[in-house]
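As annotated by TrEMBL, domain 'Amidohydrolase-related' applies to 71-383. Under the heading Zn(2+) binding site, TrEMBL lists E145, H211, H232. The substrate binding site annotation in TrEMBL covers A156, N235, A236, R243, H267, L323, A324, G325. Look at TrEMBL and you will find D289 tagged as active site, proton donor/acceptor.
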Amino acid sequence: MSAPAPGDGRGPVGPPVGDLLVTGARLVDAAGVHDGTWVLARDGEVVARGTGDAPSVPAGAEVLDAEGALLTAGFVELHHHGGGGHAHEDGPAAVLGSAAAHRAHGTTRSVVSFVADDVDVLAGRLAGVADLVDEHPGVLGSHLEGPFLAVERKGAHSADALVDPTPSAVRRLLDAARGTLRQVTLDPRREGASEAARTFAAAGVVVAVGHTEATYDEAAAAFDRGARLLTHAFNAMPGLHHRAPGPVAAALADDRVVLELILDGEHVHPAVAAVLLAAAPGRVALVTDAMAAADCAGGRYPLGALDVVVADGRAVLEGTDTLAGSTLTTDRALAVGVAAGLPLPALVDAATAVPARVLGQDGRLGALVPGAVADLVLLDDDLSVRLVRTSPARARERGAAPVARAG
């Protein structure tokens, strides 16, 4: 399947220069729903925002009447493996095709996730994404979900590809990524994991705990050593038990840590998702963990070296009942959450500002405030996407930035 053009009709790209004024919107952010909002952008960046009467703009400026639609910042995706029939492992064209498919559902900036494979193969994939980052602002960099995972919690990763994070492997991957490796998932029980975490963090990579049998104490120690993210909370790890609380409790107890949540109603029950959002306000990031079948019909799809069967939107490893990512898009995650009674402002925050903060992009991505990139999404009341506008403006250059709790 050929990749859609990066600026095709499924996710229109905003004008590179000039003024854009959005009026008559119901802006949604962590603080609530703000009726009668206007947003003014210039050359792809937000310069002003308010409610009530909109400012005058120069002749020739574009004026977009939202007609009362919900307005959010563009969604920021930390963790997905493909979409629109494209698997990231198939190369740069597939990465762009996946990005276009998710952009039509409101995701304007994304980190490209890869499943476990040989270190040299992964190095080649990281190099391919690094080549894209300069030319495609929507591609933020890479996430290595493997190969440094626990075999007993491998999920939809090939056991043969799982290895310890040796210094040589870590250096090989960092060199290949050329500063564009954004996050890495590590099992803290792996030999060499502590040293690897320090090396990755020193290079500005967000270290995540995941695919692990780690206890509460082991996960807490990993967070003390610099890990700042929990990969898809509750999935591929021990659950939350009153006598063996595990990694989820360790993450909840640490205000420095953000917890990924796959809100498809399948990976985590909505009642548990509600508990997570209430227990860690401003520290939950919605992720899709989507694979190639997102936004596609059912059938057989690849996920790395493994085959996945998709039926009724549920993706499992062929011949098993093991979940293999999802077919989720972020707009649908919002709808699943609202249908379960979760508050829309908290969900939008989890899809925008929280993941932006994980990446050191708070105030630049995932927000419609002065100085932010003018990526915006208009949603109907049923949370289906009416319009997506993406800015050509870039994310800020990022160094090693700790994740701090909002507020």
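Glycine too: its Cβ is placed from the backbone N, Cα and C atoms.
Mapped onto three states, the DSSP output places L323 (substrate binding site) in strand.
Sequence-distant neighbours of R243 (substrate binding site) (same chain, six or more apart, CB under 8 Å from its CB) are absent. Here the Cα atom of H211 (Zn(2+) binding site) is found 10 Å from that of A156 (substrate binding site).
Neighbour counts were taken as the number of other C-beta atoms within 10 angstroms of each residue's C-beta; across the binding-site residues H211, H232, H267, the minimum falls on H267.
Summarising model confidence by region, the domain 'Amidohydrolase-related' (71-383) averages a pLDDT of 95.
Considering other CB atoms within 10 Å as the measure, the emptiest surroundings among the binding-site residues A156, A236, L323, A324 are those of L323.
D289 (active site, proton donor/acceptor) and N235 (substrate binding site) are 11 Å apart (CA-CA, integer value).
Separation of the C-alpha atoms of H232 (Zn(2+) binding site) and L323 (substrate binding site): 12 Å, rounded to the nearest whole number. Cα to Cα, A156 (substrate binding site) and E145 (Zn(2+) binding site) are separated by 11 Å.
Around the Cβ of D289 (active site, proton donor/acceptor), the number of neighbouring Cβ atoms within 10 Å comes to 29. D289 (active site, proton donor/acceptor) and A236 (substrate binding site) are 13 Å apart (CA-CA, integer value). Compute the center of the Cβ atoms of E145, H211, H232, which mark the site for Zn(2+); besides them, the chain residues with Cβ within 8 Å of that center are H79, G146, L149, G155, H157, T185, A208, G210, T231, N235, A236, D289.
Between L323 (substrate binding site) and D289 (active site, proton donor/acceptor), the C-alpha separation comes to 11 Å.
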